Amino acid sequence: MEKQTVAVLGPGSWGTALSQVLNDNGHEVRIWGNLPEQINEINTHHTNKHYFKDVVLDENIIAYTDLAETLKDVDAILFVVPTKVTRLVAQQVAQTLDHKVIIMHASKGLEPDSHKRLSTILEEEIPEHLRSDIVVVSGPSHAXETIVRDLTLITAASKDLQTAQYVQELFSNHYFRLYTNTDVIGVETAGALKNIIAVGAGALHGLGFGDNAKAAIIARGLAEITRLGVALGANPLTYSGLSGVGDLIVTGTSIHSRNWRAGDALGRGESLADIEANMGMVIEGISTTRAAYELAQELGVYMPITQAIYQVIYHGTNIKDAIYDIMNNEFKAENEWS
């Protein structure tokens, strides 16, 4: 592939890690953010210490606060901003962009009030004459591992296979490999909903439960993620792939996962306010829990784990009581769909 110019919108942990992957592949990378001190740190010291204390970035990675300067003559734009501001940033891009580009996003969540997937938001806000079909970049990936060039395999999903293949080639190298998929709904819902299950898995750990319980919540969590995804039009096979069970395993079992750590703290009795303050990073599983719960209610999809976590987070239900309620649900066959 010829050298591409890519704007990475969002200098968080994942945006920074993906910027390094693109830079390693010989592309021109421009990171955009709205915190001048962070942008100055990246440009002056080539670090982003809020997320990576011991990592030095390549000096060719340049950061900007000016969106117009960031987007000038770019070939592709990668959104890696928090779910709640995706629409706002997309509107700003639409007002600034003056040529057609490849649009990608690597965030995982649902818009809190509309319950919409992020690709839908980007389609709504960025006119077709300025963009390709949206490409979702998602899968089992800790930024802390990717930034040190540990092996990572994820998915590029788009309704247009050729566009997904462009992104596959854009990112792939000896330590970072992408597979293509045309099931955008499946890949996006898997990436968003696994954060909820990770909160629950972390809570079980915080409460002192063992591996049996953790395996159960991952398996049963995958079942309800699949039910909701299929109700939205996803291919059920997607959930057995990298962006499905793969992402659920890495997020639902690891201390590197901020959603798992948030659940662990909840299980140990910390308040949500204290957890969010101490974390210093967005916990997408919290807002996604409400969106998924409300969407499941709207569609009539059975999601007992999501419902339990929703009750704990938003109504103050005792976690042990929520677990008791799940364990005392009516008996069902394992493969029962409702």
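We count from 1, first residue shown onward.
Glycine is treated like the rest: Cβ placed from N, Cα and C.
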Per Swiss-Prot, which one of LYS84, LYS100, LYS108, LYS320 shares the sn-glycerol 3-phosphate site with GLY139, SER141, LYS194, ASP247, SER257, ARG258, ASN259?
LYS108
Given Swiss-Prot lists SER13, TRP14, LYS108, ARG258, VAL282, GLU284 for NADPH, the same-site residue among ALA76, ALA143, ALA231, ALA308
ALA143
Any idea what the Cα distance is from ARG258 (NADPH binding site) over to ASP247 (sn-glycerol 3-phosphate binding site), rounded to a whole Å?
13
Span of the sn-glycerol 3-phosphate site, taken as the largest CA to CA distance across LYS108, GLY139, SER141, LYS194, ASP247, SER257, ARG258, ASN259 (Å, rounded to a whole number)
16
If we take the residues SER13, TRP14, LYS108, ALA143, ARG258, VAL282, GLU284 that the record assigns to NADPH, their largest CA-CA distance in Å comes out at 15
Taking each of SER13, TRP14, LYS108, ALA143, VAL282, GLU284 in turn, which of these binding-site residues have a Cα lying within 10 angstroms of the Cα of ASN259 (sn-glycerol 3-phosphate binding site)?
VAL282, GLU284
CB neighbours within 10 A of ASP247 (sn-glycerol 3-phosphate binding site), counting all protein chains shown, number 27
